[in-house]
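Q: Submitted below is the structure of interest, expressed as structure tokens.
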Amino acid sequence: MAVAVAVDEPGLCPEGPHWDNRTGTLLYVDIDGQKVHRWNPVTRQKDTVAMDCMVGAVVPREAGGVVVAAGTKFTFLDFETRQLTDVATVDQHKPTNRFNDGKCDAAGRFWAANRRKVVSFEESRDGVPDGMCIDTDGKLWVAMFGTGQVLQVDPETGTHLRTVKVPADQTTSCCFGGPNLDILYVTTASVGLSAEEVQQKPLSGCVFQVTGLGARGTPGLCYNG
């Protein structure tokens with residue numbers, strides 16, 4: 001197993017990585033930075049579109065481009081033309097609310113959460129469970145915020161199978177990507193860290209790639225619209 005920096009430009013709160021098989025690129029957002037990113041691992045170039053509010057999630061569209069959950073709006077984004085098209089707004093009576101994470105299901109429907117508490121976890125020495133993904137064996141890979149690690153877990157038994165450590169404590173999410181879906185991309189955050197903490201962990205806010213895991217992910221799903 002090898003851990004390396006993929007995107008070495010630290011963000012405030014990179015989140016929600018999604019490998020786009022069609023373009024061979026990694027999509028992710030920076031919640032507090034209010035940005036949507038598309039990173040090409042071949043050219044090492046990152047394409048960024050700034051939004052006017054916090055951004056919770058991004059997924060590809062079958063029709064081209066991506067759909068973004070930003071603030072309390074669903075917005076279509078075309079990276080080529082930079083055109084943004086708002087398609088729906090929710091929770092208009094809750095101006096301080098916002099979308100957080102979001103993904104598509106097998107029917108192509110985009111599900112995004114508005115941060116209403118569903119399950120409450122007690123903090124542990126392993127950190128706080130944040131974003132996760134699943135491999136082809138049905139095992140979960142869970143980013144543990146606060147401890148700089150991703151845990152592989154068997155959801156059937158609850159068994160902790162192994163740990164992947166990255167040099168940034170605030171691990172936010174992960175996904176499998178690459179041509180063979182065998183690279184684990186891990187997003188991390190720098191928001192809320194003191195200057196001393198950033199000095200100790202200067203790669204906080206970067207995106208990491210983990211190779212040699214012997215695991216493969218399932219293809220990310222697109223919005224059917």
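Backbone N, Cα and C define each Cβ position, glycine as well.
What TrEMBL lists as domain 'SMP-30/Gluconolactonase/LRE-like region' is 13-113. Sequence annotations record features per position, and here TrEMBL assigns divalent metal cation binding site to Glu15, Asp130. Per TrEMBL, the feature substrate binding site maps to Arg98, Asn100. As annotated by TrEMBL, active site, proton donor/acceptor applies to Asp130.
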Q: Look up Arg98 (substrate binding site) in the DSSP assignment and report helix, strand or coil.
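A: DSSP call for Arg98 (substrate binding site): coil, neither helix nor strand.
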Q: Among the binding-site residues Glu15, Asp130, point out the residue whose Cβ has the most other Cβ atoms within 10 Å, with all shown protein chains included in the count.
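A: By the 10 Å Cβ neighbour count, Glu15 comes out on top.
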Q: I'd like the number of other C-beta atoms within 10 A of the C-beta of Asn100 (substrate binding site), please.
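A: Cβ-Cβ neighbours of Asn100 (substrate binding site) within 10 Å number 19.
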Q: Just to confirm my parser: what is the rounded mean pLDDT across the domain 'SMP-30/Gluconolactonase/LRE-like region' (13-113)?
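A: Mean per-residue confidence for the domain 'SMP-30/Gluconolactonase/LRE-like region' (13-113): 95 out of 100.
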Q: For the domain 'SMP-30/Gluconolactonase/LRE-like region' (13-113), what does DSSP give as the number of helix, strand and coil residues?
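A: Final tally across the stretch: 0 helix, 54 strand, 47 coil.
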Q: Run through the Cβ atoms and count how many others sit within 10 Å of the one on Arg98 (substrate binding site).
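A: A count of 20.
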Q: At the Cα level, what's the spacing in Å between Glu15 (divalent metal cation binding site) and Asn100 (substrate binding site), rounded?
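A: Spelling it out, the Cα of Glu15 (divalent metal cation binding site) and the Cα of Asn100 (substrate binding site) are 9 Å apart.
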Q: If you measure Asp130 (divalent metal cation binding site) to Asn100 (substrate binding site) at Cα, how many Å is it?
A: 11
